[in-house]
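A.B. asks: One structure, pasted below without further comment.
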Amino acid sequence: MASNIGMMDSAYFVGRNEILTWINNRLQLNLSRIEEAASGAVQCQMMDMTYPGVVPMHKVNFDAKTEYDMIQNYKVLQDVFNKLKIEKHIEVNRLVKGRPLDNLEFLQWLKRYCDSVNGGIMNEYIMNYNPVERRSKGGKDRNSKGSQKTTKSLQANNMHNSASGDTVDLNKMSGPKQGRGSAVAGGATYSEEIQALSKEVTNLKLSVDHLEKERDFYFAKLRDIEILCQIPEMEDLPMTVAIKKILYAADAKESALEEAQEYLSEAINTVETEVESEA
């Protein structure tokens, strides 16, 4: 499943705010920046929520500050991936540096993966999951068998209620007072509405396809720029440093461009001063 999530998958176009909202809502946290999740603890708990009892939460350090402690968390996460046969290599050395883009990319992948496991919906286990309790060292695993029984019971009740609800609606629509002529007229009206809605859906799909192609085009350009900036011979050049200041800006703030321009201007002035002094 993980191998099917490529770089051009829609997962990698989920915004920073949406990722933070997903983490904060699910784990009852209050993160304001992507790099606050660089320790790997958040990722471990997301897997704990997705696969009950698989993650040894007592080994996860939510207070990890040093790279050594963060690496231990990622070791736990990699062990979980191996146990579940998830073919995903974790770029630990890049993640523990706290770079926003690297961490955002990994969290985008993680959200896509977790959503694909549970269908993107809040199942009973997730709804009853106590993230605060699980973060504590004394947190106990929930009884998966009991959870499964409760889920089956709820599914049976939902199916019964849904069936009952459909019966009521059908009786209202086909009551004895409804004549054949009114039924035909109603059917024609519904058919027209369905055709209008289908046309609207088609137009929306075309618009989405166009936007996705445009998005993919510009994302590919940004990715190429980032790879170019990481070439050893170029990564310390003033222009490269200025570009990375914009790419890795923690927040979508206007000052990122100003900061990059200011840095570039200072670097150029320094070079000019050195050339004049040598002359």
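Using the three backbone atoms N, Cα and C, a Cβ is placed for every residue, glycine included.
TrEMBL feature annotations, pasted as is:
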type	residues	note
DOMAIN	13-115	domain 'Calponin-homology (CH)'
COMPBIAS	133-144	compositional bias 'Basic and acidic residues'
REGION	133-185	region 'Disordered'
COMPBIAS	145-165	compositional bias 'Polar residues'
DOMAIN	186-256	domain 'EB1 C-terminal'
A.B. asks: Determine the mean pLDDT over the domain 'EB1 C-terminal' (186-256), rounding to the nearest whole number.
C.D. replies: 80
A.B. asks: With DSSP as the reference, give the number of residues of the domain 'EB1 C-terminal' (186-256) in helix, strand and coil.
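C.D. replies: Counting residues per DSSP class in the domain 'EB1 C-terminal' (186-256), I get 56 helix, 0 strand, 15 coil.
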